[in-house]
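*Asks:* After the structure tokens below, expect a handful of questions from me.
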Amino acid sequence: MANQMLLLTTLLAVTCALVIAFEPSPLQDFCVADTTSSATRVNGLPCLDSKLAQAEHFFFSGLHIPGNTSNPVGGKVTPVNVVQIPGLNTLGISLARIDYAPWGVIPPHTHPRATEILTVLEGSLYVGFVTSNPDNKLISKVLYKGDVFVFPVGLVHFQQNVGNGNAISLSSLSSQNPGVNTIANAVFGANPSIPDDVLAKSFQVDKSVISSLQAKF
């Protein structure tokens, strides 16, 4: 019994030490991304010497400019993440302006590293996300100007303009580098290609259908 109590006490002491040593927040004011550095990247880009930081490292201009929606899906995303604003590095936040032609879509996709909160600025959008297996429940809603909707991290989601005019939305994401994985591009546009027999069996269609889809990506 004494040995068990000693072991338990030791484990608690080690656990407490680890908890005290863990600090989830940045331990500096900021970490401007140094894209020229060859240093090892751990959950972000290497930091530029803080003495070299300038206002331009925390600035982006042009979010008022409409994106070009002249493409097959009729949607255009203008990202504002760590690539555009190096000062976002390690801060865990980013933005995106999204423009939609009439009936344009942002195809089903995921953000592997971020939850997204979307606000409609102009027009009306049909939006939704699908829960994970086995339920695969579609949770969707038509949004209007001023409405807000949340897409939980990692879940497949989409947007569609359901109006006859252009639409605009603004998204905030909980990562400076949220990532995006568009389902159709990933499945049918993988490089090298996913074998057509794998896709044909997965989607329960003929290989010719798969070949036709792969040709589009």
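Even glycines carry a Cβ here, placed using N, Cα and C.
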*Asks:* Which one, CYS16, CYS31, is listed by TrEMBL as the other cysteine in the disulfide with CYS47?
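*Replies:* In TrEMBL, CYS47 forms its disulfide bond with CYS31.
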*Asks:* Within its own chain, what residues at least 6 apart in sequence put their Cβ under 8 Å from the Cβ of HIS111 (Mn(2+) binding site), listed in sequence order?
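*Replies:* Those within reach of HIS111 (Mn(2+) binding site), by Cβ under 8 Å and sequence separation of 6 or more, are PHE151, VAL153, GLY154, LEU173, SER175, PRO178, GLY179, VAL180, ASN181.
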*Asks:* Only counting partners 6 or more residues apart, tell me which same-chain residues put their Cβ under 8 Å from the Cβ of CYS31 (disulfide bond).
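*Replies:* Same-chain residues close to CYS31 (disulfide bond) (Cβ under 8 Å, separated by 6 or more) are GLY44, LEU45, CYS47, LEU48, ASN89, THR90.
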